[in-house]
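Here is the structure we will look at.
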C-alpha cells in the first residue's frame, strides 16, 4: 500500500489555528466562521471545510482519507459534515476513492483448488437387469451371478464418489471404488480394445475430486435403470453377460445381448 504523505506546508498555511475547531479552506487562508455542529451539509460555494479532531489525530489513515476525499473527490458534490469521523463514515467514502474492478480467477490449470474440494460419496450395491449381483472373482476381477439368502453377503459394496467431469442433465460423473479396498474400476486400452479392470490405488490420494479420466463413468438414469458409460471411451458401458458367473466387462453396444442396465441399492455406512 502506498504511503500517504504528511500535510504539505502550503495546506498547513490554510489551517485556522483554533484549538477547538480546526478548519481548512480550499480557496485560500480564510477561516470559515461556521461550526460543523450547526450544519448538515457544507455547500461547495462557501468552500470545503475539514474538521480534524484531536481525539482521533493519531489515526492517520482516517485523517488522510478526509483530506484526500475533500480535495479530490468532493469538490463537485455536497457532502455531509459529521461532528466526528466514524468508522461508518469511512466505509461510505471508500467507494468514492477506490474504483471497484472484478477479479477473475482462472482455475483451468489450478488443480490444487480441485484437489482440495471435498468428495461426496455413497455406498451401494449394483445388480444387472436380470438381478445378477456383482462379486469378487480373484483379486482383480468382478463376476455377475444370482445370489440368494446369506450368499447376498458376497456381493461387492461400491463406494460411489461424485467427481469432476462433463456433467449434464442426464449424465453425472462418478468413480466406482470397492468399499474397504484400494481398488477402483478403470477403463484402459488393451490390444486396441477398451477394457474394464480393477486398479489398485494409493488410499492417501484417493478418492479425489479430480479423478483421472480412466476412473470416471457417466452415470445415466433411464426408466429407473442406470447405465455407466466410460468417460475415457464414450459409448462403451459397464456390461454383464446373459450367461451366469461371467466377468463384468466394458461393452460397446446397448440393448443387445450384453446387459448395460443396472439397479442400485443404497447401503448404510
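From the backbone N, Cα and C atoms, a Cβ is placed for every residue, glycine too.
Here is what Swiss-Prot says about this protein:
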type : residues : note
SITE : 171      : site 'Important for interaction with integrin'
SITE : 179      : site 'Important for interaction with integrin'
SITE : 181      : site 'Important for interaction with integrin'
SITE : 190      : site 'Important for interaction with integrin'
SITE : 204      : site 'Important for interaction with integrin'
Of 171, 179, 181, 190, 204 (the recorded sites), the residue whose Cβ has the fewest other Cβ atoms within 10 Å: 204
Cα-to-Cα gap, residue 171 (site 'Important for interaction with integrin') vs residue 204 (site 'Important for interaction with integrin'), nearest whole Å: 28
Rounded Cα separation (Å) that holds between residue 204 (site 'Important for interaction with integrin') and residue 190 (site 'Important for interaction with integrin'): 28
For residue 190 (site 'Important for interaction with integrin'), the three-state class that DSSP assigns: strand
